[in-house]
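Participant: This is the structure I want to talk about, given as structure tokens.
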Amino acid sequence: MAPALLLVPAALASFILAFGTGVEFVRFTSLRPLLGGIPESGGPDARHGWLAALQDRSILASLAWDLCLLLLFVVQHSLMATEAVKAWTSRYFGVLQRSLYVACTALALQLVMRYWETTPRGPVLWEARAEPWATWVPLLCFVLHVVSWLLIFSILLVFDYAELMGLKQVYYHVLGLGEPLSLKSPRALRLFSHLRHPVCVELLTVLWVVPTLGTDRLLLALLFTLYLGLAHGLDQQDLRYLRSQLQRKLHLLSRPQDGEAE
């Protein structure tokens, strides 16, 4: 195992890469379609209908390329999460296993965003162009995106994302505290195994709630919706555990502070 002098910078580098990728993902999924950094459609006169789009090789080529990028991300994200690959990476990278997974995921997502091809001449599923929709729909989408991202960031702070990002493993290793997950209750471990992406609803809101839903955005939203749906498997035991934890936290928050009960 590498000395702590190398472990800490490696874990921090992975975290910084993931953080920068997250910022870029906000731009890619929200700022671009809402603020028009890169147009997602070329106007009603420049676009094909759905049947004509199926015969346009340039549109089909762009969608096929985007699909390959998304599949690359999905395969990487899923394959490296399997027990066999985790055992192999743990054997050779030790406590940096999670940091390696996070870094590879960030790089795969960077490839998706950097080489994504839009389809400005493709058809749209919906578009807010006529007034008053052209004014109010983008504003409503902007508000929902802001709320969704605030919820996502809040959940990241409340959820044990230091462990999910790989920082906690290195921190505990340097201090000789062992594996962070070994200190969690069996019910918490069971929940973590079923819910490693605790921002599903908010992310789907960001993907689908846009003023103009073109073909490339539709492909992005559909594939991530399918992937997130298949990646989550909460059952009644998980829901009961979440409910009990929520009630416990609400009870702690509702308790009077010292001197307030007098």
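Here the Cβ of each residue, glycine as well, is placed from N, Cα and C on the backbone.
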Participant: Under the topology that Swiss-Prot records, do Glu131 and Thr212 share one side of the membrane?
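Facilitator: According to Swiss-Prot, Thr212 sits on the same side as Glu131.
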Participant: Using DSSP, how many residues in the topological domain 'Nuclear' (81-97) fall into helix, strand and coil?
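Facilitator: DSSP classes over the topological domain 'Nuclear' (81-97) add up to 15 helix, 0 strand, 2 coil.
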